[in-house]
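To keep things clear, I will list the structure first and then write my remarks on it.
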Amino acid sequence: MDRVLLSSQLSSQTVVNTRVQQGSGGINSIGFAVIRKGSLKLRCYAIGGLGGGENLNDPLKESNNGPVLQGFNGSSASFRTVGAKITQETGDFFVSDAEGDPDKPTDGFSSIDEAIGALHEGKFVIAVDDESGDNEGDLVMAATLADPESIAFMIRNGSGIISVGMKEEDLTRLMIPMMSPIAEIEDISAAASTVTVDARVGISTGVSAADRAKTIFTLASPDSKPTDLRRPGHIFPLKYRNGGVLKRAGHTEASVDLVALAGLRPVSVLSTVINPVDGSMAGMPVLKQMALEHDIPIVSIADLIRYRRKREKLVELIAVSRLPTKWGLFRAYCYQSKLDGTEHIAVAKGDIGDGEDVLVRVHSECLTGDILGSARCDCGNQLDLAMQLIDKAGRGVLVYLRGHEGRGIGLGQKLRAYNLQDDGHDTVQANVELGLAVDSREYGIGAQILRDMGVRTMRLMTNNPAKFVGLKGYGLAVVGRVPVISPITKENQRYLETKRTKMGHVYGSDLPGNVPEEFLNPDDIAGDQDEDDTHN
């Protein structure tokens, strides 16, 4: 049986209770709660690998990397991880208001319909990619309605860089190539930049508001030809990814989607809003002040995703079958993406019913780990453990997303990255050395599959916080996180540690709610009652 080491310097009114279990099939789990004054402050679970053996390091090691829980000095523990903290979750990782009205805007934001109306009239909209304001906000307008005055406003209040969101067919027609020489491998998390352009006629240097408006008009016109543009220039076209915000929750996609919803030609103008005081990207206070002063609707990209998701469906269920597996009996669902034709599979156990509190794993394709049993990663072990846990729970869904090989770089590039790792690079450095994205996966298709299968709230099996964010806006809520901790081997030890230190992977699970009985003992309860009586 596994043990947990808690060497803590906690206040006398803080109680840490633990529970250790060894389940069938070699699945081990540990749970513990932190209780202050009878109130649950944190409840964590860690789930072990698929049995012991020589391939495991010592099940528990004292960590030199700090406390078990953030803010608790002197605590140290590791549950089959490489000196890893069991990291406390924050509210930022939880998606609330799962159902509600998809057309109802987030508090403090304008509705999508208001934004659509403003764009149709040639006015501005501010699009924000995170309701907390941690990320940027962009001024957006329709390219077909841009004029020198509006471009001058964008220059005064933005970064000075004026971009134009365009669909691939228009970029191809105008022979505008991508800026990156590796056009076939794109970082979906970043804007897809092309070479810069100016209009060939009707401008002077190309830098004035009037000149830039002329270039934008040329880009937006369906009658323009490649010879109408010169390269480089002062306008920055950005390639819109097919599927828009349902494929990538970025400003380019949001701006083009909004303009198209306004019934206009799908070409947008956008520029990042800058804080006039220090030149940094404007946060929510600055963005909302600008919106108030200039009567500009301000919208959340998450709201736009909800708006589109209510009206569109980008996956199609094409087959369902009974699927007996080594883990148990499941149902297999094959979904085809309407964006690129890729077939994805989901397996389900039990009755999803009302879709509440479903155990879910969204798993990225890894041929080397899942099929060939590669020891370089933990993918195969995580898949195995997730299927076991769903079978044991009797109810759950695993979505297997194709096209995620090597965190989105593809099989061949992943093998090249392996060679670099053998030469001393870690998994992040290897991708960077190849000129590739560290992680270009997106989870919108997986979210739509879950919605179609009836899932509404879930306990998500993951160590990766990006999956929480990737589900936002699809009418799904994450009510808890179940970590998927797999055996450490000599081959994957550095890989797992790099994911923790450089990619933000976390361990442990913060589940809000009342204190469960299994974490309490009579002394705790009596002490709490005595304290309450004193205050009464």
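Cβ atoms here come from the backbone N, Cα and C positions, even for glycine.
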One of GLN382, GLN448 listed by Swiss-Prot as binding GTP at the site of ARG361, VAL362, HIS363, SER364, GLU365, GLU405, GLY406, ARG407, THR427, THR462, LYS467: GLN382
Zn(2+) binding, same site as CYS377, CYS379 - Swiss-Prot member from CYS334, CYS366: CYS366
CYS366 (Zn(2+) binding site) and ASP439 (active site, proton acceptor), distance between Cα atoms, whole Å: 14
Any further residue of that chain within 8 Å (Cβ to the Cβ centroid of CYS366, CYS377, CYS379) of the recorded Zn(2+) site: SER364, THR368, GLY369, ASP370, SER374, ARG376, ASP378, GLY380, GLN382
Pairwise Cα distance for CYS377 (Zn(2+) binding site)/ARG441 (active site, nucleophile) [Å, integer]: 17
Chain-internal residues, separated by at least six, CB under 8 A from CYS379 (Zn(2+) binding site): HIS363, SER364, CYS366, THR368, GLY369, ASP370
Structural state of CYS379 (Zn(2+) binding site), classified by DSSP into three states: helix
Predicted model, mean pLDDT over the region 'GTP cyclohydrolase II' (311-536): 82
